[in-house]
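A short write-up of the structure that comes next.
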Amino acid sequence: MKREEFLNEKIPMVEIFNSISGEGITSGFLTTFVRVYGCNLRCSYCDTKYSYDGEYSLMAPIEILGEVNRLNCKRVIVTGGEPLEEEKIKRYIPLYLAQNGYEVRIETNGSVRLYDEDEIYQFTSKKERKNLFYTLDIKCPSSNMDKFNIFEENFKRLILGDEIKFVVGNVDDLDYSIDVVKRYKEYFKGVTLNFSPVFSKIEPSQIVDYLKIINKFFAENNLDVRLNLQLHKIIWDKDKRGV
Ligand code: SF4
């Protein structure tokens, strides 16, 4: 899509607010969250159902930018729902905000295509993505959505500063995650691998114990692996919105 076409559209939006990044390598940084409406998956543990079956308002891109400007953070996380759903106008919000000087991270569920060079070029007139990073989920079996994972086609688009998130609910999920890491490890240099517990399904210490057993493999392959706890669920009530 061309930028000019995008600017004439209205986009279903759930909320835009400031908080701290609760996860991954940006954890703790003050951040503006831009939550789009709609998701193509239905994960068993979804904690943001309101992002696809709740209320939304239609906003023009210039209104979204205006609200992000007003909130005054240099970092933006575009989340959902699913921001990169294909054939949807919302897919271009991250490119638009990055073009306007924000450091943008896209939280994407791993079942939709990341931008390719042509798509970036069409929108920005530049071949490379700038100010734009991915936090790419790999859905594990306990989500019931693992059959929708896109692997190689997305992994080959990852660069330094991107991250992958495995949300794990049990040992089978850990086994599945490590199998994916072993199969595609050549794509994960410079990409942080996060292991995140499904709240109240698995103890974080169990994940650490599991990862410690295969630490040699991570070290030999120069892979950066971390336990990822959701800070906002520690600081605030686990169901509290807009924090
Ligand atoms: S991808 Fe995210 S928003 Fe969509 S159903 Fe799964 S957890 Fe919920």
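Note: Cβ is positioned from N, Cα and C throughout, glycine not excepted.
Feature list (source: TrEMBL):
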BINDING   Ile20, Ser21, Gly22, Arg35, Thr79  substrate binding site
BINDING   Cys39, Cys43, Cys46  [4Fe-4S] cluster binding site
BINDING   Tyr45, Cys46, Asp47, Gly81  S-adenosyl-L-methionine binding site
BINDING   Thr48  Mg(2+) binding site
DOMAIN    26-238  domain 'Radical SAM core'
Close-lying binding-site residues around ligand 1 among Arg35, Cys39, Cys43, Cys46, Thr48, where CB distance stays under 6 Å: Cys39, Cys43, Cys46, Thr48
Which listed residue (Gly22, Gly81) has most other Cβ within 10 Å, given these are binding-site residues: Gly81
Cβ-centroid neighbours of [4Fe-4S] cluster site Cys39, Cys43, Cys46, 8 Å, sequence order: Leu41, Arg42, Tyr45, Thr48, Lys49, Tyr52, Asn109, Ser143, Met145
Structural state of Arg35 (substrate binding site), classified by DSSP into three states: strand
Integer Å distance between the CA atoms belonging to Gly81 (S-adenosyl-L-methionine binding site) and Cys43 ([4Fe-4S] cluster binding site): 11
Residue pair Cys39 ([4Fe-4S] cluster binding site), Gly81 (S-adenosyl-L-methionine binding site) - Cα distance, angstrom, rounded: 4
Distance from Ile20 (substrate binding site) back to Asp47 (S-adenosyl-L-methionine binding site), taken between C-alpha atoms, in Å: 18
Cβ within 8 Å of the mean position of the Cβ atoms of Tyr45, Cys46, Asp47, Gly81: remaining residues of the chain near S-adenosyl-L-methionine: Cys39, Cys43, Thr48, Lys49, Ser51
Rounded distance in angstrom between the Cα atoms of Gly81 (S-adenosyl-L-methionine binding site) and Ile20 (substrate binding site): 19
Cα distance (Å, whole number) from Arg35 (substrate binding site) to Thr48 (Mg(2+) binding site): 10
Lowest local Cβ density among Ser21, Thr48, Thr79, which the record lists as binding-site residues, within 10 Å: Thr48
Output field, substrate shell: CB within 8 Å of site CB centroid, site Ile20, Ser21, Gly22, Arg35, Thr79 dropped: Ser19, Glu23, Thr31, Phe33, Ile77, Glu107, His232
Recorded substrate site residues Ile20, Ser21, Gly22, Arg35, Thr79, farthest C-alpha pair in Å: 14
Neighbour count (Cβ, 10 Å) for Ile20 (substrate binding site): 17
